[in-house]
Ligand SMILES: Nc1ncnc2c1ncn2[C@@H]1O[C@H](COP(=O)(O)OP(=O)(O)O)[C@@H](O)[C@H]1O
Ligand SMILES: O=P(O)(O)OC[C@H](O)CO
């Protein structure tokens, strides 16, 4: 049997997953790592812990694979996107913590460039000016980390999204590369030309020599030596695009929604980017051979992270999975709205200055009700994104494929189906993201063709709408009112 290993470097954990040549998940190793919140709105990760947790899980999976009769033929990489690492090329040492996609420290800078450059940036990158993307975070490092500008002057500074950081470490500093899908999230990359754009580098003050080489999503990224095995790295792709691929949304008009730390809905728009007028992003899906596939994306910054906040911040849950039973035990929440805008609002609102709120509290509001309203907020955010997506693409989806940690919550999936008035289709393989990276690596080594993969996806459960229209309407009205109240909160 031939195996492929995917490294899935997410916002809250590093995972390695072993897939067999039927695309079945054989073994998963996972390690959580520390989140740093040094100041209000700042979110950082330790780049060394990212590598150590990822390598521990990789070694665990390799140990397991050695007990099986077979050979690991390729490694695929998928990762939290936009998060930026800066390191010294000559020593390989990171010079600052990774600045995470959720970090809003560059909001003010982004506001200052939005008016003059917003149109240019949208036209060439498909993105809306926001602190979410990597460009302003890299600029912050150059402006604020003492050694950064000296290293840049000496041509000894490297920037990279997490895929680049992993590839650099896995290849012992031989390869400084990224793929088109990750590059398309930096705000420095022209998605039509598929190259770094000098005009954008000038706006952010980023020297071109600090940036990685941009490669295909299925490609030869070099090889890594782990536990005595030399394994070729054959794919790199941002995690949301990987999930679209792993859900077998290979053709125009197919979409998926992932419920992880954030929520990300992506629609395959075919071989050309579709510009959005409704607050969505045009982004590169993947590139295989000479063919690029584009996607429209609605990014919601806080989804599963709101459940983590219930667990770790408010301490009203011991475990995220408890939220389902608790929500089912709750009383009426038709007037209770939680808006988890902890890091501003993403699609379709794009308000870096919005903040979270709980509205409609009464004397009988308790932990069950707050949990239920928080889960409902995930689905209501997704509803807003789907409305925008339908408007921009003119595609009315027949059903929505879902995945990610919080998609295991049946209460949430049922409520999602209710507020979208659409079937929600959850697959057997819960690791769509990792599967997407494995598919792309498998294509590169000739294990599969796209045609082999078309029918590989199997549904585990389909949720159909049950709630009465007027109940949905009432909830949506309250939600819209709450969104208006939280906008532009921070002065
Ligand atoms: N049963 C559940 N109900 C609601 N949320 C959940 C559940 N299980 C996991 N989560 C949430 O899902 C997220 C983890 O999902 P995952 O896809 O691993 O995220 P990421 O890739 O962003 O690290 C966490 O934020 C967690 O709070
Ligand atoms: O780590 P995840 O799965 O929450 O994904 C993060 C996204 O890639 C951010 O854009």
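The backbone N, Cα and C atoms fix where each Cβ goes, and this holds for glycine too.
Marked as ATP binding site by TrEMBL: 11, 12, 13, 261, 304, 308, 405. Look at TrEMBL and you will find 11, 81, 82, 132, 239 tagged as sn-glycerol 3-phosphate binding site. Annotation source TrEMBL lists ADP binding site at 11, 15, 261, 304, 405, 409. Taken from TrEMBL, the feature glycerol binding site covers 81, 82, 132, 239, 240. Positions annotated as domain 'Carbohydrate kinase FGGY N-terminal' by TrEMBL: 4-246. Under the heading domain 'Carbohydrate kinase FGGY C-terminal', TrEMBL lists 256-443.
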*Determine the binding-site residues, out of 11, 13, 132, 239, 261, lying near ligand 2 in the sense that the CB is under 6 Å from one of its atoms, and give them in sequence order.*
11, 239, 261
*Let me know the largest Cα to Cα distance in Å among the glycerol-binding residues 81, 82, 132, 239, 240, as an integer.*
15
*Work out the three-state DSSP category of residue 15 (ADP binding site).*
strand
*asked:* If I take the alpha carbons of residue 409 (ADP binding site) and residue 304 (ATP binding site), what is the distance between them in whole Å?
replied: 11
*Would you measure the largest Cα separation among 11, 15, 261, 304, 405, 409 for the ADP site and round it to whole Å?*
20
*What Cα-Cα separation, expressed in whole Å, is found between residue 405 (ATP binding site) and residue 82 (sn-glycerol 3-phosphate binding site)?*
20
_If I take the alpha carbons of residue 81 (sn-glycerol 3-phosphate binding site) and residue 240 (glycerol binding site), what is the distance between them in whole Å?_
8
_binding-site residues compared (82, 239) - the one with the fewest other Cβ atoms within 10 Å_ = 82
*For each of the binding-site residues (11, 12, 261, 308, 409), count the other CB atoms lying within 10 A of its CB, then report the residue with the highest count.*
261
*Nonlocal residues around residue 13 (ATP binding site), in sequence order (Cβ under 8 Å, 6 or more apart)*: 30, 31, 32, 33, 53
*Look up residue 82 (sn-glycerol 3-phosphate binding site) in the DSSP assignment and report helix, strand or coil.*
coil
_Can you give me the Cα-Cα distance between residue 308 (ATP binding site) and residue 15 (ADP binding site) in Å, rounded to a whole number?_
18
